[in-house]
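In what follows, a structure is listed as structure tokens, so that the remarks can point back to it.
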Amino acid sequence: MSNIWSKEETLWSFALYGTAVGAGTLFLPIQLGSAGAVVLFITALVAWPLTYWPHKALCQFILSSKTSAGEGITGAVTHYYGKKIGNLITTLYFIAFFVVVLIYAVAITNSLTEQLAKHMVIDLRIRMLVSLGVVLILNLIFLMGRHATIRVMGFLVFPLIAYFLFLSIYLVGSWQPDLLTTQVEFNQNTLHQIWISIPVMVFAFSHTPIISTFAIDRREKYGEHAMDKCKKIMKVAYLIICISVLFFVFSCLLSIPPSYIEAAKEEGVTILSALSMLPNAPAWLSISGIIVAVVAMSKSFLGTYFGVIEGATEVVKTTLQQVGVKKSRAFNRALSIMLVSLITFIVCCINPNAISMIYAISGPLIAMILFIMPTLSTYLIPALKPWRSIGNLITLIVGILCVSVMFFS
């Protein structure tokens, strides 16, 4: 049996699942619910290939490069395109996931202020205090160290997955099929909704940061056979991810009237908040919903924050060197944490709409790295020509459509 499927492959499947399913899963039903049933059904059809193809392409891109042990995306880009393009991709990578951190922080703040609003009037002063508390607490957890934080995150994965599955099954009793069947119409607005929903889908299913670690680990163990091992794990993991996420999305949208989804979208909160808004929502759902939403987004925040701080440290180091100042790595890192925290606090106070940030900034930037860079490279780099395929071409086209939302939406 171990020759067919090993314990290690099971652990990596859980790692991919735990990284992919989280805060993004809570935003996907909001966008798809407001976009209409046609967009929902199309998403269900394309979810697996548009999760598998881009992550597989990125894995191939990393594994095909002749880089030093332990080098991931940045090393691969530098190998193929040189140091300048490598630095550009590193900066783009930093910006893309810095925006993700901002989205999670804003959504956590909104979820907490929404609960406080039931007991008091929320003005700017209260929002500033909540924003400050969110930023400070998340930083305190982060400063516990990488290993301690990862242990906490790993401990939270299974309860979160169990909650999503339990809630999906629980809501089956409240399904109202007419909530979807009455929305089935295809017109010009449907095409527009499909277009602007692409970045949210990219955001929800993306787990780009772990792909470098995954590819490097497989290469160290299997060498030239690493890609076959990666594809084997990805096919199974992404099938489970897509089935469970789509079951959760359909279960929510078959239970929640569109007006509540629109209200949640306007407030910049997750689908769990939309569920708690329902008149007949049980008390346990409101309480557990806010806890799970905050925990899921905090887990995703911390998982992304490590990479953001590392990227910010490099940006600070380069900037200081350009003005003739050379400081220790500890100083650069401390300054990075302070600057990132300050910007996060300010954005939480301003309260931009989370969904709008996803489809206007975060989704398109992630698409540049995940959908466009590895697939376009198969047409630009002769050594990558064997990886050209219909799947890669479709991934490239979807990536370009996703990026176009940033400029034309």
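Note: Cβ is positioned from N, Cα and C throughout, glycine not excepted.
Checked against Swiss-Prot, the domain name for THR19 matches that for LEU180, so both face the same side of the membrane. Where the transmembrane segment (236-256) meets the stretches 26-46, 88-108, 354-374, the count of C-beta pairs under 8 angstroms peaks at 26-46. Note on the topological domain 'Cytoplasmic' (298-329): DSSP counts are 26 helix, 0 strand, 6 coil. Counting C-beta pairs under 8 angstroms (sequence separation of 6 or more), the transmembrane segment (128-148) reaches the transmembrane segment (88-108) with 3 or more such pairs. Most Cβ pairs under 8 Å with the transmembrane segment (88-108) belong to 354-374, among the candidate stretches 152-172, 330-350, 354-374, 389-409.
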